Amino acid sequence: MAEGTVLQVIGPIVDVQFPDNKKLPDINNALKVQRIDGSELTIEVSIDLGDSVVRTIAMDSTDGLTRGMKVLDTGAPIEVPVGEATLGRVFNVLGEPVDGGDPIPNSVDRHPIHRSAPKYDELATSTEVLETGIKVIDLLEPYLRGGKTGLFGGAGVGKTVLIQELIHNIAQGHNGISVFTGVGERTREGNDMYYEMKASGVLKNTAMVYGQMNEPPGARMRVGLTGLTMAEDFRDQEGKDVLLFIDNIFRFTQAGSEVSALLGRIPSAVGYQPTLATEMGQLQERITSTKKGSVTSIQAVYVPADDYTDPAPATTFAHLDATTNLERSLTQQGIYPAVDPLESTSSALTPDIVGEDHYEVATQVQHFLQRYKELQDIISILGMDELSDEEKTIVNRARRIQFFLSQPFSVAEQFTGVPGQYVPVEDTVRGFKEILDGKHDDLPEEAFRNVGTIEQAVEKAKKLES
């Protein structure tokens, strides 16, 4: 193995000098810096600067590094443990356990985090819908098993709560394996999620990988690949159906932007790295289903300043089968989950996949909500009295639909005191069909807010009247 020395340290960037007569390490190779206290720092090769110098990104703090320290080339990219040994554990970007448990034995298989995407002839597509128990998702933007879904939203509109509810609903009803990857998010949320999953019994079928907000950009940029490598092994070696949760894919882009600037690359639009589309493609193309098994991916996507044209969310859009857009104006109306039913999309919402009845009800719901949106200007200026009888009916039913798209979440029960509701897709379709048909025009609008099934809305109406 080649041995070099630290030439200079600029924050998380470390330049390493190798002897002229030695082969330089390859791009993406992991190098180990020997610290004075005997510990090792892992750094990853990014650029060959010439004159036997390589520029690297540190995966941990570079505090205490000095010029002249020894650096060893491992001869391979970062390798992380895979397989059954990862279940029930929490790892960092290097695949080291951070949950206080036993170290992973050396006998456990390890795979490099940098790998090629599956070949075209290995891919498989599915038309099976994944039931989530969340009405607005199951009705209007159904998720495909083996598909990729994005939860888009600005700050504080409920992306993490929604992804936690999806983990609660799908992971508990799903007998397969789940991999949760926390990319640049709050450590407190990761800690809470670990203990909640432990208490609910889901943890034993879950591997968790965290690279949180306080970590250097190198760790945040690579932690997504660590989680994905673990998910790929369950898919390829064991033929499992894997659920891959990523919170938050924007932080992956953000970390890449930080690293790009530190490496001296000229930024592109809005200050992002010029390699944004390439980096996103390399990650997203590996999240796919093959003939051996499937990876169903649900990714939270932060939208900076609620601007969907920002290059980071705009680049992510292109890779997804379904999008769930969270809207701030709905949170202001107290409608949770604050999913925008008109902006959210899914390639699975076709009669061939969801069935004629479901498709008919979903398109009618969207039609009513769209008409209501168009009539809102007239209502705000002239009032309801200026509408025709038909328009008044549309508005009244659309408001009931809007409230009925909300529901209480199990993961929010400790804050709201309202038990969470899992609503089967048949009950969801039936409930909205009854509202569209006018069966519940006599019930107060408030009865439809924050309930599960249509029967619960009827029950709530009786309580409101009494």
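Quick reminder: no glycine exception, Cβ is built from N, Cα and C everywhere.
Annotation comment: Swiss-Prot describes Gly153, Gly154, Ala155, Gly156, Val157, Gly158, Lys159, Thr160 as ATP binding site, evidence class sequence analysis.
The Cβ centroid of Gly153, Gly154, Ala155, Gly156, Val157, Gly158, Lys159, Thr160 marks the ATP site; residues of that chain outside this set whose Cβ lies within 8 Å of it are Tyr302, Leu326, given in sequence order. Neighbour counts of Cβ atoms within 10 Å were compared for the binding-site residues Gly153, Gly154, Gly156, Gly158, and the top value is held by Gly153.
With a cut-off of 8 Å between CB atoms and residues at least 6 apart in sequence, the same chain places Tyr302 near Ala155 (ATP binding site), listed in sequence order. All chains included, 22 other C-beta atoms sit within 10 angstroms of the C-beta of Thr160 (ATP binding site). Neighbour density for Val157 (ATP binding site): within 10 A of its CB lie 25 other CB atoms from the protein chains shown.
Under the DSSP three-state reduction, Gly153 (ATP binding site) is assigned to strand.
Classification of Gly158 (ATP binding site) by DSSP places it in coil, neither helical nor stranded.
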